[in-house]
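Engineer: Before anything else, here's the structure in question.
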């Protein structure tokens, strides 16, 4: 009787560990950076994505042209982009 309770406890702990690990790996950011966005918006568009994991292939979830969308990233900021601005994060 004691060994069956131990087995149930171990299986339960294993399942909890797997579920927790799945949640952690869901927010992995893809390499490279979002393209520079110098567009001034009066109103933001509804987001087409929330994280890089929402985008297929190499595409990243970037704020570009008034809304979050999946775009092909660039290796570095384009000429004329604000080098000090973190364009991969939403504006405050």
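All residue numbers here begin at 1 and follow the chain in the order shown.
Each residue, glycine too, has its Cβ placed from N, Cα and C.
Pulled the feature table from Swiss-Prot, pasting it below:
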SIGNAL    1-23  signal peptide
DOMAIN    27-74  domain 'WAP'
DISULFID  34-62  disulfide bond
DISULFID  41-66  disulfide bond
DISULFID  49-61  disulfide bond
DISULFID  55-70  disulfide bond
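Are these features on the surface or tucked inside, and what are their neighbours?
Structural biologist: The Cβ of residue 62 (disulfide bond) has 25 other Cβ atoms within 10 Å, all protein chains considered. According to DSSP, residue 62 (disulfide bond) sits within a strand segment.
The Cβ neighbour count for residue 41 (disulfide bond), using a 10 Å radius over every protein chain in view, is 12.
Within its own chain, residue 49 (disulfide bond) has 55, 61, 68, 69, 70 as residues 6 or more apart in sequence whose C-beta sits under 8 angstroms from its own.
Secondary structure at residue 70 (disulfide bond), as computed by DSSP, is strand. Counted within 10 Å of its Cβ, the other Cβ atoms near residue 70 (disulfide bond) come to 17, all protein chains included.
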Engineer: In whole Å, how far does the CA atom of residue 41 (disulfide bond) lie from that of residue 62 (disulfide bond)?
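Structural biologist: With distance taken Cα to Cα, residue 62 (disulfide bond) is 15 Å from residue 41 (disulfide bond).
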Engineer: Taking 34, 55, 61, 66 as the disulfide-bonded residues to compare, which has the smallest set of other Cβ atoms within 10 Å?
Structural biologist: 66
